[in-house]
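A.B. asks: I am attaching a structure below and will ask some questions about it afterwards.
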Amino acid sequence: MAIRRILRIDDAEDRKILKMQCRPVKLPDRNLKQLVADMFETMRAAHGVGLAAPQIGIPIQLCIIEIPAEYEERADGSVVEVAPAEPYVLINPRIVKMSGEEVMRDEGCLSLPGWYGMVPRQTWVTVEFQDLNGKHHRLRRAGDLLGWAIQHEVDHLNGILFTERIRDLSTLRDITKERDAQPVDQAP
């Protein structure tokens, strides 16, 4: 496995690739499993939830998403996993149905690290895609991180950046500056 360079929205050459309409993946593809492994390693190293192939310079219809595991603290102070991480590989995904109703979400992107803005997303979507074995799937998600991540990653495959979805650019902000501006607790 290898960590790949993530292309940036604010780099002119990278942006050309990020704005491309991606070509479909022809399955089977014996190199795809290694690419997917590299994508997961890259996404995890960048602390992301999703990554599309064009974000690492490969303009094909492939994206990955991993919903983080959930944990609970027990009465004795120990922590236990209550929901495992959910990894998804979506090949040639297409959103085939959507709610028609939007919700505003605070959203960021690994191609513009540290920046977030309010993005309108459908309250539910149905997506059709293939897995690594070429099997076709249909998945509906409503009002959760996976549903919003699907919309974000499919946008990447269509050359649409999250910054283009923001209706009020005053909501676009650099959270690293916000984080750096917070006072440091100096208690002993």
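Glycine too: its Cβ is placed from the backbone N, Cα and C atoms.
Pulled the feature table from Swiss-Prot, pasting it below:
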type     : residues               : note
BINDING  : Cys109, His152, His156 : Fe cation binding site
ACT_SITE : Glu153                 : active site
A.B. asks: Measuring CB to CB from Cys109 (Fe cation binding site), give everything in the same chain under 8 Å that is also at least six residues away in sequence.
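C.D. replies: Long-range Cβ contacts: Ile9, Trp115, His152, Leu161, Phe162, Thr163.
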A.B. asks: Can you give me the same-chain residues 6 or more apart in sequence from His156 (Fe cation binding site) with a CB-CB distance under 8 Å?
C.D. replies: Leu18, Cys22, Ala52, Pro54, Gln55, Cys63
A.B. asks: 10 Å Cβ neighbour count around Glu153 (active site)?
C.D. replies: 24
A.B. asks: In which DSSP state, out of helix, strand and coil, do we find His156 (Fe cation binding site)?
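C.D. replies: For His156 (Fe cation binding site) - judged by DSSP and reduced to three states - the answer is helix.
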A.B. asks: Run through the Cβ atoms and count how many others sit within 10 Å of the one on His152 (Fe cation binding site).
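C.D. replies: Cβ-Cβ neighbours of His152 (Fe cation binding site) within 10 Å number 24.
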A.B. asks: Suppose the Fe cation site is Cys109, His152, His156. Which further residues of the same chain have a Cβ inside 8 angstroms of that site's Cβ centroid?
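C.D. replies: The surrounding set, listed in chain order, is Gly50, Ala52, Gln55, Glu107, Leu110, Ser111, Glu153, Asp155, Leu161, Phe162.
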